[in-house]
Amino acid sequence: MIRHLLSGADLDAATATRILDTAAEMATVAGREVKKLPALRGRTVVNLFYEDSTRTRISFEAAAKRLSADVINFSAKGSSVAKGESLKDTALTLQAMGADAVVVRHPASGAANRLAEWVDGSVVNAGDGTHEHPTQALLDAYTMRSRLGRLAGLSVAVVGDVLHSRVARSNVLLLSTLGAKVTLVGPPTLIPVDWATRAATANTAGQAPDISVCYDLDAVLPTSDVVMMLRVQRERMSDSYFPSAREYARRYGLDGQRMRRLPEHAIVMHPGPMNRGMEITPEVADSARSTIVEQVTNGVSVRMAVLYLLLGGNNA
Ligand code: NCD
């Protein structure tokens, strides 16, 4: 088993499948009256959050507690970070306290990788800047597999603010490893240039591209098994990437009319938090096709599996 989970690229198909299978076993615990396993008793998991989070932080906390680990929640607000303490000094403090795993969310891309150089325990990247969010990709893959029965060969459209999305990056890496076909959809200003070029080059070279890019949402809907809507991340935008919110919603928002163009079995996903009325309408978000609440539930099982396997729960 790997020691850290920093990127979707850390996982080969066998390891990713093992995590998803373990998560399915963990999910049975959630159905019990006593939602606890003794697997990580006596181990310490630190949640180190330098950026706001609702779902991810609570989810990691619930996961660690269901495995009986001791959980320390550290949020940058109200700590010595506010006095200017560096990530390295904070890491050394955690190290001195004997953290077995550190779950980190940080606004700087690459922060989780740096942290992994400084601590002896396992580091789990819970989102670093616009870079990666691998447990989100795992819970998304888990949700697709449980709803649609497989991942290989699925057509997955990842729609919207791909440029600023660590969720999109981790999903592209993981889903291509697991054999799904990913199409990135959004305005040209919000598709990373290197990915657009990669998709175009692979096409001209006649090879099967691992990703494709399309700027027209309506064109991809009829052939998509999964539509993953992304939040427009205004807090990361230093410039104007589209004319107006209305114009964005008109071209790239998923509303009821567009949803009805999807194949009957297709599902709609969103990692949350949503901008209702911008990238997704309430009608779609609250529809039977939407897996948004399920994704949150699955997140706990997937994070249980990740912590359990990284910390050698079965001497993996
Ligand atoms: C995402 C994140 O924080 O990267 N949310 C999440 O973890 N559920 C996506 C987002 O902020 O839009």
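Glycine is no exception: its Cβ is also placed from the backbone N, Cα and C atoms.
Site annotation for carbamoyl phosphate in TrEMBL covers R55, T56, H133, Q136, G272, P273, and the matching candidate from R18, R105, R236 is R105. Residues in the domain 'Aspartate/ornithine carbamoyltransferase carbamoyl-P binding' (3-145) partition by DSSP class (helix H, G, I; strand E, B; coil) as 67 helix, 27 strand, 49 coil. For the pair Q136 (carbamoyl phosphate binding site) and R166 (L-aspartate binding site), the Cα-Cα distance reads 9 Å. As a whole-number mean, the pLDDT of the domain 'Aspartate/ornithine carbamoyltransferase carbamoyl-P binding' (3-145) in this prediction is 93. Checking the binding-site residues K83, R105, H133, R231 against ligand 1, the ones with a C-beta less than 6 Å from an atom of that molecule are H133, R231. Within 10 Å of its Cβ, the residue among the binding-site residues G272, P273 with the fewest other Cβ atoms is P273. In this record, carbamoyl phosphate is bound by R55, T56, R105, H133, Q136, G272, P273; the longest C-alpha to C-alpha distance in that set is 16 Å.
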